[in-house]
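Since the structure comes first, as structure tokens, the remarks are kept for the end.
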Amino acid sequence: MKIGIIGAMEEEVTLLRDKIENRQTITIGGSEIYTGQLHGVDVALLKSGIGKVAAATGATLLLERCQPDVIINTGSAGGLAPTLKVGDIVVSDEARYHDADVTAFGYEYGQLPGCPAGFKADDKLVAAAEDCIKALDLNAVRGLIVSGDAFINGSVALAKIRHNFPQAIAVEMEATAIAHVCHNFKVPFVVVRAISDVADQQSHLSFEEFLAVAARQSTLMVENLVQNLARG
């Protein structure tokens, strides 16, 4: 099995990258892909860059160049579920765009023409992630993760997301684009991120302060998930 791992920022991939053995680097299309073994498992780690276009471009290159069997999207997210605090884990059962609107033509809010309203995460990957959460005794929430090309730190933007997606547990800037590409390539995916802020008016300050905490927690989860998947 080869596992693809995608993070947007240097801070979100550096801890994992440093643990990859026999590491080789592919630089292409504004992305960097690091291949090798993580705990003896073949992996391809992508640093995509921030935002939906960067994430989709990188995910496509990763799938074409490295042909992983599954994709794990890692990194940080803004918490929406009331029980979440900094360092907690969110696991996707679905990903949707919060900034797509073609409702004038009868589509659901967040749905693009020719696409499902949401992109479903793979049940087996979700179950494996929840096994790791239980083993590590982490606080976590599973549910809908929404994505858009905006860092959410104001009451108006937050209220709009809560209105359109009251069930959403977290918000970030890449996951749904990655899920969209995985859907097109028919490759299973799951989003496993750690909370860096709670998407409020102080979220930009919280993000800067707690990104390192989120990176450590998401790295811990991904390492355990990789080993869990390799064991089958």
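Glycine is no exception: its Cβ is also placed from the backbone N, Cα and C atoms.
E12 (active site, proton acceptor) falls within a helix when secondary structure is assigned with DSSP. Taken from Swiss-Prot, the feature active site, proton acceptor covers E12, and the record attributes it to sequence analysis.
Swiss-Prot lists G78, I152, M173, E174 with the feature substrate binding site. DSSP gives I152 (substrate binding site) a coil state; it is part of no helix or strand.
The secondary structure of D197 (active site, proton donor), as reduced to three states from DSSP, is extended strand. The active site, proton donor annotation in Swiss-Prot covers D197.
Around E174 (substrate binding site), taking its Cβ as the centre, 32 other Cβ atoms fall within 10 Å, counting all chains. Each of A77, S147, G148, A150, F151, V171, E172 belongs to the same chain as G78, I152, M173, E174, is absent from that list, and has a C-beta within 8 angstroms of the C-beta centroid marking the substrate site.
The secondary structure of M173 (substrate binding site), as reduced to three states from DSSP, is coil rather than helix or strand. In this entry, substrate is bound by G78, I152, M173, E174, whose most widely separated C-alpha atoms sit 13 angstrom apart.
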